[in-house]
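**Student:** Take this structure, written in structure tokens, and hold onto it; I'll ask about it next.
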Amino acid sequence: MNPYILATLLFGLGLGTTITFASSHWLLAWMGLEMNTLAIIPLMAQHHHPRAVEATTKYFLTQAAAAATLLFASVTNAWLTGQWEIQQITHPLPSTMITLALALKIGLAPFHAWLPEVLQGLNLTTGLILSTWQKLAPFALILQLQPSNSTLLIILGLTSALIGGWGGLNQTQLRKILAYSSIAHLGWMILILQFSPSITLLTLLTYFIMTLSAFLVFKLNKSTNINTLATSWTKAPALTALTPLILLSLGGLPPLTGFMPKWLILQELTKQGLAPTATLAALSALLSLYFYLRLSYAMTLTIAPNNLTGTTPWRLPSTQLTYPLAISTVMTICLLPLTPAISTLLIS
């Protein structure tokens with residue numbers, strides 16, 4: 001792709017998100033979401049591969065449906081209450097419709113079916129943008145809506161955590177596994193949203209760091225399914241030794257960074273008297289943990305046939321930039337000791 005066009009599209013992506021962040025009016029927020037969608041579509045379809053085009057079409061249709069529902073709900077709210085302010089959603093009908101439209105935008109269960117299919121058709125770089133940056137604008141709107149619908153948010157959160165764990169069990173494609181991982185993590189964030197927005201933001205930040213590490217590892221190894229992970233020890237032996245820690249951090253095992261948000265969320269849910277909800281969420285984390293362990297096993301405990309093509313790659317220097325991967329890997333593995341400092345900041 002022409003670098004000028006790429007720069008324009010990335011600028012549009014950033015501008016759309018910024019407009020949604022800065023807006024207090026529903027029309028402006030909707031406009032930012034539309035700019036966001038329209039900027040990423042050429043990036044998704046840039047390789048002209050039938051699967052990429054199919055993924056782009058599916059993404060466009062779901063985002064257009066969500067945006068239309070959002071616009072309809074905000075117009076309904078203006079009609080019922082005379083208010084266009086994002087903070088002033090008081091009527092339960094537009095409030096519920098907007099929550100469901102934003103759930104479809106970010107891929108929360110039961111509106112999740114498009115996300116694994118779309119992610120599977122994209123390359124890893126665009127998939128990373130879709131899994132991280134594209135969640136920011138809808139999340140900003142959900143955060144501003146948050147006091148409205150407690151039961152709905154808990155149902156969406158629990159369903160997403162369970163389906164995100166269940167759906168990934170049977171997958172062999174890494175991008176689909178990362179999509180289900182994304183659904184499960186979003187479920188945890190939505191679950192705690194109304195009780196502690198600051199913990200939600202912390203969870204979103206740690207999810208971004210861990211997902212960045214996972215995508216960059218797979219990009220460095222050029223891996224798109226479980227079988228190709230077995231050859232990664234010849235390409236980057238040190239990274240292969242660290243990757244299980246990245247994956248287990250995504251699964252939320254102590255003493256890794258990923259345990260911190262899960263720990264704080266379970267603690268907060270228990271404080272709010274929602275022990276059954278916390279128990280179900282913790283059990284759903286075990287489902288996710290299984291497929292991360294499966295990836296770790298495929299990567300470190302299975303060795304591909306030791307033929308000539310399997311042993312040469314480590315001799316060649318990598319042409320890819322590894323600094324971002326090094327920084328995100330350290331953050332993915334080592335941030336748990338900062339929990340007391342972070343929880344003090346959250347409380348203050």
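Backbone N, Cα and C atoms are what each Cβ position is placed from, and that goes for glycine too.
These numbers come from a predicted model, not from an experiment.
Okay, so TrEMBL annotates it like this:
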type     : residues : note
DOMAIN   : 23-286   : domain 'NADH:quinone oxidoreductase/Mrp antiporter transmembrane'
TRANSMEM : 60-80    : transmembrane segment
TRANSMEM : 92-115   : transmembrane segment
TRANSMEM : 151-170  : transmembrane segment
TRANSMEM : 177-195  : transmembrane segment
TRANSMEM : 201-221  : transmembrane segment
TRANSMEM : 233-253  : transmembrane segment
TRANSMEM : 273-293  : transmembrane segment
DOMAIN   : 289-342  : domain 'NADH dehydrogenase subunit 2 C-terminal'
TRANSMEM : 325-347  : transmembrane segment
**Student:** Test of understanding: applying the rule of at least three C-beta pairs under 8 Å (pairs 6 or more apart in sequence), is the transmembrane segment (325-347) touching the transmembrane segment (233-253)?
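**Tutor:** Result for the transmembrane segment (233-253) with the transmembrane segment (325-347) is yes.
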**Student:** Where does the mean pLDDT land for the domain 'NADH dehydrogenase subunit 2 C-terminal' (289-342)?
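**Tutor:** Taking every residue in the domain 'NADH dehydrogenase subunit 2 C-terminal' (289-342) and averaging pLDDT yields 81.
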